[in-house]
There are 10 protein chains.
Amino acid sequence: MPSELSPIHSKLFEAKAAKGLTFDEIAKALGKDEVWVAAAFYGQAKFTPEELAQLADLLGIQGLQASLPDDSWWPNRGLGPSPPTDPVIYRLYESVLVYGHAIKAVIHEKFGDGIMSMIDCKINITRKPDPKGDRVVLTFDGKFLPYAKW
Amino acid sequence: MPSELSPIHSKLFEAKAAKGLTFDEIAKALGKDEVWVAAAFYGQAKFTPEELAQLADLLGIQGLQASLPDDSWWPNRGLGPSPPTDPVIYRLYESVLVYGHAIKAVIHEKFGDGIMSMIDCKINITRKPDPKGDRVVLTFDGKFLPYAKW
Amino acid sequence: MPSELSPIHSKLFEAKAAKGLTFDEIAKALGKDEVWVAAAFYGQAKFTPEELAQLADLLGIQGLQASLPDDSWWPNRGLGPSPPTDPVIYRLYESVLVYGHAIKAVIHEKFGDGIMSMIDCKINITRKPDPKGDRVVLTFDGKFLPYAKW
Amino acid sequence: MPSELSPIHSKLFEAKAAKGLTFDEIAKALGKDEVWVAAAFYGQAKFTPEELAQLADLLGIQGLQASLPDDSWWPNRGLGPSPPTDPVIYRLYESVLVYGHAIKAVIHEKFGDGIMSMIDCKINITRKPDPKGDRVVLTFDGKFLPYAKW
Amino acid sequence: MPSELSPIHSKLFEAKAAKGLTFDEIAKALGKDEVWVAAAFYGQAKFTPEELAQLADLLGIQGLQASLPDDSWWPNRGLGPSPPTDPVIYRLYESVLVYGHAIKAVIHEKFGDGIMSMIDCKINITRKPDPKGDRVVLTFDGKFLPYAKW
Amino acid sequence: MPSELSPIHSKLFEAKAAKGLTFDEIAKALGKDEVWVAAAFYGQAKFTPEELAQLADLLGIQGLQASLPDDSWWPNRGLGPSPPTDPVIYRLYESVLVYGHAIKAVIHEKFGDGIMSMIDCKINITRKPDPKGDRVVLTFDGKFLPYAKW
Amino acid sequence: MPSELSPIHSKLFEAKAAKGLTFDEIAKALGKDEVWVAAAFYGQAKFTPEELAQLADLLGIQGLQASLPDDSWWPNRGLGPSPPTDPVIYRLYESVLVYGHAIKAVIHEKFGDGIMSMIDCKINITRKPDPKGDRVVLTFDGKFLPYAKW
Amino acid sequence: MPSELSPIHSKLFEAKAAKGLTFDEIAKALGKDEVWVAAAFYGQAKFTPEELAQLADLLGIQGLQASLPDDSWWPNRGLGPSPPTDPVIYRLYESVLVYGHAIKAVIHEKFGDGIMSMIDCKINITRKPDPKGDRVVLTFDGKFLPYAKW
Amino acid sequence: MPSELSPIHSKLFEAKAAKGLTFDEIAKALGKDEVWVAAAFYGQAKFTPEELAQLADLLGIQGLQASLPDDSWWPNRGLGPSPPTDPVIYRLYESVLVYGHAIKAVIHEKFGDGIMSMIDCKINITRKPDPKGDRVVLTFDGKFLPYAKW
Amino acid sequence: MPSELSPIHSKLFEAKAAKGLTFDEIAKALGKDEVWVAAAFYGQAKFTPEELAQLADLLGIQGLQASLPDDSWWPNRGLGPSPPTDPVIYRLYESVLVYGHAIKAVIHEKFGDGIMSMIDCKINITRKPDPKGDRVVLTFDGKFLPYAKW
């Protein structure tokens, strides 16, 4: 676990390990996707009070809502060193270094001058069987936002 | 265009603009995907001599192979400042900062201790119509590589 | 002028100086705001072919469209060192350091978990007379984007 | 909350959450704006002893003045990593990268050689209803300071 | 020991010191190589539950598996400052600075466009006697991975 | 080719490409190893006048010695950005991040307090056939240097 | 001269050298202080058209105003690496590292919560004879600006 | 207070606040200047044992000398991030960026090739009344040191 | 003392202060030089078990060997920020910036292509009386290591 | 040669190479030390007009004084990347990282609170024969400067 995690998020990870649950199992219980739930465990997404209540039941944690009672603030997003040192996360970063300009150029040709939103974006991971070695299929589905002109 | 482009890659972009071709049209002519072709235009992937010959015909460039004659070396991969300053490329980088740990955790749960390769990886971009605003669907399809133990 | 400007953008600045036009005068001719026009002069926003034609007439530049003929690429956004060394630009950066968390907290209270878009955002500058010294009123009007959950 | 907050500022946030007050409600009680109050909660602005007394009453904190008794020092201004990793704060930073030169150029045309003060500056945030999605209107109202010559 | 070590990894080092065992002796007991075992002690490789059980016996640590119960997460890889300040580790880094391009060029000539995997890679260290001073022979044996084209 | 190469080194690469020679073929002609020769082509090792004469003959370059006449200075060692952005070179750097402490610990156990020299060090690359995919075997053979005490 | 100087500013330095004038002599001719004039030579302050005309006469440069004709833009302020590598400039930087907090604390005690302006600031250098070695007396005379509250 | 302060220096600040003394009042009691005393409070200058005894009396701290008993070591000089994030300290840093070269050039003209010492340097701050707003006069009085030649 | 010191090294410094011993006195007792002993106090050199026993006697510390029992690991070398902020250490760093190339050039002329070892290197400091102010004579005596060729 | 050298300094190196002179030979002709002369060749020290005249004679360069005519400015000191990438210069830098605190501590014990000047400092290099391999003896002889108190 990265050392920047707050105590409440560390407790979530510990309870998950003690229960032996996967993110996918937790996600199904909450009606969410496993990547989004994992992001919320790392403090990078925000549970509603209802989701916190469900999570507290599922993980057997008491006082979870009391620990996160206030709607007016939330842990800062952004985690880990940059550039990343962990090889799994570095490979994502390497895709920005090597393919970032190509992705930008193709988005520009297909959509015009604008960006792919990372706010209105859904991320999924699936396992694709392959006789030469199974593959990770990582999908970003983000809204195109054209630049305003004024 | 990023200022690090070599003269030969700048010439590719100019010829493409003069011909009015999209990456998709060039890719179809070469039997490749548009993202891979865009990456090769930025010097981040390597054409074979046969692809260079096709490209020279398509773009009307003379002496393209003579400019890239040697099989023994190739421009360095990695382009642009880090962190990126361009908003399109920054959003990809933001996905590493915000969702990198979640993606790593889910890959670990689904596949075990290893990485998603960015070398044996195929990247595609499609446009998904949506009444609230069309969406960019960006897919990374990379081989899972388990860590060696010895 | 920052040294990263491309030749075509440097030529725009020279023609503007030779004609003695302000950004406001150019903006009125194009039906745009002066801040957006200044951004486009620095290569940070994109003129349409029609706007380029108007601009070429206004500034007396020949071949402007031929210099920027291709819809498929565009100069990278992001300009100057970070942190900025110029005092005018540094003060904007200082507002991020000193007031960034406060602005985030108030946006969160007023709108919920999301961001203020810098893509769908309009920026204006007005001069507000004040007997103790006139004031710069700088306004960002950006769409609120709530975080997707999935 | 950013981890650099001092214990006394953390206590302010906890008391605010326990009372269920918004920055706007606290600001109205103190006769101040919510952005300024939020900045002071983050240790980026300085309460007077009178304001501290009012705040202690409002939040039900005892000994607040005793915790901040000395007029002779104050927490350092400047908070969080640079460049920011949180997307809300990064967007403000992105405005410096993308629009900083344009803002500087227009200030220069309208006011001459000088800066917009970030010391004698007032910042406000309002919610502007919009059928396509409400908008954040963020305003900086700062005194123009011409460069001294000597 | 680097200060980033987790408590459980620090305990491994302390137990190893108390038992007076070398990495080579531990590695032989586990049927592994000493470099891999040292990497796992630093949290840079992952023991299986069976290996943890063997290790607990060998080092006389109780509750080792209970401290590392969960298969679903693992400490981040990547350790120490970059560039390294310790002279032993810096020399490895210096080999990247001085010989990195040469190694890349020779790999390219011998294998084509691709990389030497650092995931499917085995590292060994042997002592080679030499009358002028014994030598360290450090070997990386990594799978060649050709770049995908698509 | 990295942009930091001096004109004379760029000429070496061009002549090598024009002759269609590999580093291995050049190395055999000079009685050296291909990695060392590649390092010298990048200005990271120093040819003797005799080697320069042989090289000039082999590559058909005139005036090579005249371009490098002086024994009293030599291009600076160290090439490319740090951390490296090219994936081939980055993997070497990743080995420092992930395995550097383990390598240091094993060297310390086998040799005592000191370093593996990167000055009196020989580096070789061989291709090891493997039915699952051929492997790169990269060997560093460096003298152990114990720390002086005084 | 720092390499970032624009051609027009380099020409000013060359003309000054050719005329054998000191900054003090030029300053007296313009009715300014030598430090301000030196700053303007480095592009860090802005001459009026009248001052440019006087300067052109004094230095014997033709077309100086034509080279700097436009009132609408000006070279970016901020020069040289940070931290500075030149020992003279580094010592000023060292004063920030060593005495910055002390200076801030004393300003706070003497003036309250605010800053010493570096915009409305005049800088002088005088030579103070001293039998143990003459001394440089460097004075910053800057307006105190109290923080706005709103 | 910056977080790098040692416990003993934090205690000095607390005692000063409890006594309600200004740096100027403490300085007068010690026969020193307030800027030097403030620097020593931040651990950036060194009290003699006699000064420590006087200070202990003045502030009512017991065992102060016992806390700093050893003449053989002293806290490291240099405090806070670089570039500074606090606006008061940043303005000093800005003077290096904007006026550093001008100051260097004038010192060179007035004194020759050498530096203004920041070791044999005295710093004072005075308040200069001004109807347009009082001014901070900050003076550095440092010995000129010519470069040795040998 | 730098904050990175381990508890055992901090205890060495405290015991040294309590005994009122100088590094020179300790060095004479151990038969070593004071600079080497100071380096070992900072964890930058390694005592033998015999030296630790002598040191424990001299400083009156019990259990020193038990605190450092294991021959298999040692604190990382490299201490403090880079570039250094303390003026004493910065001056050494400044010598690298200003005289590094000159030193390299003269070593090359006197010895050929190689380095001065910082591993087999002895460092001494002597006080040289001088009527204009005593001088520090700092000597590095390091073995020349020629580059291997292979 | 480092790429930052000015044209005039590059010419000095070329003339030195063409004449086949060592720094020692040039130094003897000028009555200076070889390290100081090498520093001046890299633009890190300043020749007098008389020395320039001697040098022009010795190296057979015409117009040398005309190229460096003005006493009012001089190339910036500080050369090469930091941290250095060249192994010779890096070893000097490593001495700062590993031995900097020890050197500071011993200077403090021998001289008190102050620095070793790098301005009034003379640097020499001698070759010390040794049967195990000759040694580089590098000596810094710098004036001790006590901190001013005021």
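Each residue's number is its place along the chain shown, starting with 1.
Including glycine, each Cβ sits where the backbone N, Cα and C put it.
Owing to the predicted nature of the structure, the values given are computational and were not obtained by experimental measurement.
Positions annotated as domain 'Cyanate lyase C-terminal' by TrEMBL: B:78-150. Across the domain 'Cyanate lyase C-terminal' (B:78-150), DSSP helix (H, G, I), strand (E, B) and coil residues number 25 helix, 27 strand, 21 coil.
As annotated by TrEMBL, active site applies to B:Arg91 (among others). Cβ neighbour count for B:Arg91 (active site): 26 (other Cβ atoms within 10 Å of its Cβ, all protein chains included).
The active site annotation in TrEMBL covers B:Glu94 (among others). The number of other CB atoms found within 10 A of the CB of B:Glu94 (active site), across every protein chain shown, is 24.
Residues or ranges marked as active site by TrEMBL: B:Ser117 (among others). Same-chain residues at least 6 positions away in sequence with a Cβ under 8 Å from that of B:Ser117 (active site) are, in sequence order, B:Gly142, B:Lys143, B:Phe144, B:Leu145.
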Which of B:Arg91, B:Glu94, B:Ser117 (active-site residues) reach within a Cβ distance of under 8 Å of chain D?
B:Glu94
Chain E neighbours, taken from active-site residues B:Arg91, B:Glu94, B:Ser117 with C-beta distance under 8 angstroms, are B:Ser117
